[in-house]
Amino acid sequence: MARNLGFLVLALLVLASSCESTIFNPVSESHRSAALELFTPTDGSFGSLEETYEALKTFEVLGIEKKPDIRTSACASVVDTLLSTSTAVKDLFHALRVNGMLKCELNDEAFAGIESRLKDSLNNANSLLDFYYSIGGLVLIKDQTSAVDVLLTDADKIFRSIKALSQSDGRWRLNSNNPESSNDAAGKALEALAGVISLASSEIDQSLIATLKNDIAKLFDGVARYDDGTCYFDEKLVDARGHQGPLSASTSVVRGITAFAEVTTESLNLPGEKILGLAKFFLGIGIPGSAKDMYYQIDALACLENIRQVFTLGSIPLILSLPATVLSVTKKDQLKVRVSTVLGSSAPPLTVKLMQTFISGSKDASIIDQKLNFDPDNAVHVLETLPTNVDVGNYIFSFEIVFDDPEQKKNYATGGRTKVPIHVTGAITIDSAEISILDSDIGSPETQKKLDLPGENAVALSANHLQKLKLSFRLTTPSGHAFKPHQDFLGLVEKFYYLSGKYDIQLTVGDSVMENSFLQPLGHIELDLPDAPEKAARPPPQPVDPYSRYGPKAEITHIFRSPEKRPPRELSLAFLGLVFLPLFGFLAGLFYLRANLKNLPKSTVPATFAILFHLGIAAVLALYALFWFKLVHLTSNLYFLLAVGSIHNIEGTWLIGNVLDVCRAKDTIPSCIHIGQVEICVISIPISRVSSR
């Protein structure tokens, strides 16, 4: 069997995206489908009120209407938790959050009792989490009812108590006994301080707010950043509460600064590119794999979506995305760009421009400055034809967003120019293909044959180890330019371990931008290779298929001994005649001895059984004959013999019974009866007759 000689002439290329050009897509239907799968209640409810709130909040932000119906079980749990006198402050906080979503039936008296317990906990608070849950619960009561007074008369004191846990780098400690600080604690502290400001019965000291603004600026100074502009808050503190990582920490900070920005008129003066970088971080996660991470992502994006003129240098992040980043010049695909908010909402009137194009891995740029046409029906910006300098290959396209109303720059953050990787494909033309055998690298070909690529080829070549095998062809792009992919050549002698013989030739031509890649058999080549040196590598053992043991086995050929020599046919027939002689002698003896056959029954029923009895004997003899002549198999013969013997037994019993009846009637003992039958007849004779004799 011929071996296989494959030429991998063109290596498959992988689209290499620079870290400076990452695609970010807004929230889509994929997030909604994933949320329904991740947030699945068990027996009509979630595991805890915290999980219930996270599911409800995620469904609300994503606008999911067909969500699980958990209102009955959730409200029952909320009421039980809020009315219980032994409920922890953390559980009260989560129950109030769920109640704010479902609007369960609670009267003002119940809210008043909860408010009293939360204020008692606030007065005895000695950790950041105590402040966070107590103040958060009071803020939730304020939003759910106006009949309960939740205002704080000592707001400045509480503000300073929380501020005492802050660090010089903008991070916070969970309590005064713990020297470790974290970004996650900073976010919770900002949210708690925002609650203090909203609950204060009088205005908070402005110097405290100014100090807090300075802490926020320091916190953002320590934000981590990637080359593509993605920003996040790293988290090194890991404790038993779990989920302490960049995602939870960044979500906590975003929630905290959003809450603080909503209760103060002061501007935080945070750069818009960092806010946009945080949005890119949350979108860069893609589809989270856990319910907790899904909640963190969607909650943070909702905070960034709902900011309105909070930061002086832009606030609401706008995301530039492409429905398709692979374009075919052969099919004349159009470049489409969509601009929206992080949650997929429409952007204000704007224009998208293609400013520059780069070849991946190159710093040389082509200036384009071309405006894309806006399609209002599909809400996309379209570039109908690609620039003339764009051919098949991997590119980086640089886009710029220009608002129709320049004042919108104060409300939205675009991050300047956005770089997106584009993969341009096309059908490559292959011509001038030939294969030849050369005596040297520059010598004239000894054998040269044209090839049809791709097409049917069946070349037959032969070569030795001193000759060269040359395979050449030309690749051309749809624009008429030479196509130069990476190449990989295989050495023959060492690769095939000096094994001479016939090899099949296959050519593989493929590239990530080549739409007509193929694997083509070319024919075969007869190789005459030298003997392998002593230290040459040996062929590796062939892999064994573990399932081969269950396949068909090799055919087993049996060798039987020669059959014994049989006698002549005439002699066998003569012996058969001798076998039948006793039968004829028996019949002749009956005739000579004048056998008495007159006692054969003459009535209908006994005569029938007598005939059947003799036919049964004849049937048994016939089976012997058929078996002797090999016309009936042994197993079949036994079945027939069993059937005939059973019927014959019944017939014989009836026949013997009839003979005995005849004997009793004539009061004689026939001489034809056997000893066993005679005994039966003697037993049936009366005793008086025996005694008289």
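We number each residue from 1, going along the chain as drawn.
Even glycines carry a Cβ here, placed using N, Cα and C.
Fair warning: this is a prediction, and the values are worked out from it, not measured in the lab.
Here TrEMBL flags 28-305 as domain 'Ribophorin II N-terminal'.
The feature domain 'Ribophorin II second' is assigned by TrEMBL to 318-424. Mean pLDDT for the domain 'Ribophorin II second' (318-424) in this predicted model: 90.
Among the features that TrEMBL reports, domain 'Ribophorin II third' is placed at 432-493.
If you look up TrEMBL, you'll see 560-657 marked as domain 'Ribophorin II C-terminal'.
The signal peptide annotation in TrEMBL covers 1-21.
If you look up TrEMBL, you'll see 571-593 (among others) marked as transmembrane segment.
For 605-629 (among others), the entry in TrEMBL reads transmembrane segment.
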### Query
List, by number or range, the same-chain residues at least 6 past the transmembrane segment (571-593) whose CB is under 8 A from its CB atoms?
none
### Summary
The DSSP breakdown of the domain 'Ribophorin II second' (318-424) into helix, strand and coil residues is 5 helix, 59 strand, 43 coil
